[in-house]
Amino acid sequence: MKQETKKRLINQINIYRSVLILLVICIFAAFLSESFLSVSNLFNVFKQVTVAGIIGCGMTFVILTGGIDLSVGSILGFAGVVASGVLASTGNTFLAVLTAVAIGITCGIVNGFFISQCGIPPFIATLGMMTLLRGCVLVYTKGSPIPVKVDSYKFIGKGTVLGVPVPVIILIALFLLAHYILTQTSFGRSIYAFGGNREAARLSGISVKKTEWMAYIINGFLSGIAAVVLTARLGSAQSTSGQGIEMDAIAAVILGGTSLSGGTGFVLPTVVGAMIMGIIDNILTLMNVNPHATNIVKGAVVLIAVLVDKKVKDLSAKAE
Amino acid sequence: MGGRLVLKLESIVKTFPGVKALDGVHLEIFEGEVHALCGENGAGKSTLMKIIAGAQPYTSGAMYLVGKEVVFHSAKDAEKHGIAMIYQEFNMVPELSVAENMYLGRLPVSPFGKVDWNKLYREAQENLDHLGLKFSAKTKVKNLSVAEAQMTEIAKCLTIGAKIIIMDEPTAALAEEEIQILFRTIEELKKKGIAIVYISHRMDEIFQISDRLTVFRDGKFVASKLIGETDYDDVVSMMVGRNVSNLYPVRDYKTQEVVFEARKVNSRGVHDVSLKLHKGEILGITGLLGAGTIELSKLIYGAIPMDSGEIYVHGEKKDCSSPRKALEAGIGFVSDDRKQEGLVLLRSIKENISMSSLKKLTKGFRLDNKLEADRVQEQVKALNIKVSSAQQPAGKLSGGNQQKVVFAKVLLADSDILILDEPTRGVDVGAKAEIYTIMNKLTEAGKSILVISTDLPELIGVSDRVIVMREGRTVLEISKQEMNQEKILAHASGGVSENETGN
């Protein structure tokens, strides 16, 4: 009986572990800084994590297939500068958003082509894309930022609807859509099957190449959306935009409990993972910690979280 | 037995939380004997093996090695006492040589700390020669055949001075000829006074190679018998706990119309094979390893590319260039390797069963969860799959139940033509009988089955017709009345030239 209770408890912790980590960090944060729990600060945190969150959402698809995408930061950068360029020359918000999304999707198609059709390992293919696209950004901008001056475009990053920031609405909508796709559609099943055992999926009649390709396209598409949100919020597109964001996104996915080897995990905890990263950032800022040192803390938290995760998994394996 | 008692287990009990895996088990192993452990999956064989090999502690009881009580704390510990285990999956470094693998962690070194390569290769080669093995100790393990890799593991046991060698399903991955090599090696080991604990699902092997056997059921000791004192039916009924009168269902098959035809299909390993399958028929295909039987099945299913040839289903030419297209043409496939190719072990039983039918279960964009749950439940019930819930990961099931999940997947896809590769490999007797019954029922319901098997008694037991392949070509086709093991084996191994077949 006692064994049973213990087993059930461990299982519960397993499901909600990312939420638990988030709670623990929030409690710490509340003690460390009085202003942490204010509504404006919490919305601020939420807004800060939207970009990494949106990319983490796409990254979850890729990681569920057992792959990785290092090029998201560069896709974001390139889509952001070109969209801002289009905006500056036409003033048409719709056209600018369309451009960003089209660039994101195109990059995803190219990534997915190399990986699924040519069999190049995802790490290598996307590493190449990461460098190539960052080069494109620098060539396009010649190193100087492109300002965003159209209000309707800025609204996407700075506006609110019924008091809720637009980026937060976009984030929530995308996550709910992604959750629906992963859990309620045959494509979602294919992603899990592919990540769990590619050969078994293929022999079950799943179009494995299309499935893998699609994961990178989704990731590219969401990187394009993230580019719009980021440039709209900052009011300009920098040549360095999105640098290192792939690491935040991957960390969010892992903190959300998705296995790097593919096949298991969910997309909703990824947003919790992104929140954890965001809150650490926020609390260090509130405490006036040297900004250069924040990476040290963030890196350490990821390591500790993954270590705890492994221990919990070992425990639950033992309980069975 | 002539030899002295080397290992004795007394009242061994092993409990896991909530389960008693072993309940007062006895076992006596004598010098120079081959001792088979028999029991269905879940009978406690694997747990017992792990305990003997020191990989798991026992809860209570005692273990005596040559009269002295011993307690092993680890597998290394057991090895020091002369007990070695050969696992189903080999633990070798493919890039290193046979000799390096044999002495891994114990390489002989010269006084300056340099590996003494001459000594290493000389000693390794001596050990291989002792066992009558014909490959060089300098060969890289990755270039060995499965059988040779296994022999290397056995030779390694000799280098650590093993007195007892545990072999877990050693023939699972071996072809008929290779099994004979293994058996010769086992004879050599016996001559050296080494005891072999032998685990296999193949009853004919057990009767061929072992001197004594012990039967377990539900974690309990049932009996130990000399091989001369028992027979096949006796052992099976002890394992199952009731009389199993006939493993193979009686079939009443009369030739009906052709539903499937392959014309002159070619691929790597398959040359100009043509065959016809009739409605409601079970057609067996067999051959030695490398004869192209598995390749043929995968070729028909579109899992490997077809170089040339045509495939007809219900008289219509079909494109089966991918598993998806083959499924659409009404062909279903059960792989011989359910862990690598049949199941996604991480995912639930439900997801595995519906994997080939996602299109049918989708309404608009959305998977119809209710429809899926119902369809899956129907299959679970029809195939008598023992699960606590359809949400359980497939990897947690026993071999027999896993195999039934793969069956369920193919059946849910509603294929008329089923290709079954080694459908009962690694499955215990009870589940085997169930699978044969399922096959029988399916054919009665109008489905047709192509079964590929190297287990000849099984093949003869279930098939209405058998095709024998050798080196990628069909060499013999025989009907139920003419089937016998000797004839099939003679053709499969090339003991009969093709113009003598008369068929």
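Sequential numbering from 1, following the chain as shown.
Cβ coordinates come from backbone N, Cα and C, glycine included.
Per TrEMBL, these features apply:
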type	residues	note
TRANSMEM	A:20-43	transmembrane segment
TRANSMEM	A:49-82	transmembrane segment
TRANSMEM	A:94-114	transmembrane segment
TRANSMEM	A:120-140	transmembrane segment
TRANSMEM	A:161-182	transmembrane segment
TRANSMEM	A:213-232	transmembrane segment
TRANSMEM	A:253-280	transmembrane segment
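Scored by C-beta pairs under 8 angstroms, the transmembrane segment (A:94-114) has its highest count with A:213-232, from the stretches A:20-43, A:120-140, A:161-182, A:213-232, A:253-280. Counted over residue pairs 6 or more apart, the CB atoms of the transmembrane segment (A:20-43) and the transmembrane segment (A:253-280) come under 8 Å in at least three pairs, which marks the two as touching. Here the transmembrane segment (A:161-182) has long-range neighbours at 43, 46-47, 49-51, 53-54, 57, 60-61, 64, 155, 188, 191-192, 222, 225, 229, 233, 266-268, 270-271, meaning same-chain residues at least 6 beyond its ends whose C-beta is under 8 angstroms from one of its own. Here the transmembrane segment (A:253-280) has Cβ contacts under 8 Å with residues 14, 17-19, 21-22, 25-26, 29, 45-46, 48-49, 52-53, 56-57, 59-61, 63-68, 171, 175, 178-179, 182-183, 192-197, 294, 297-298, 301-302, 305-306, 309 of the same chain, all six or more residues outside its ends.
Within its own chain, the transmembrane segment (A:213-232) has Cβ neighbours under 8 Å at 50-51, 54-55, 57-59, 61-62, 64-65, 67, 69, 72, 75-80, 83-84, 96-97, 100-109, 111-113, 115-117, 148, 153-158, 167, 170, 174, 187, 191, 241-242, 245, counting only residues six or more beyond its boundaries.
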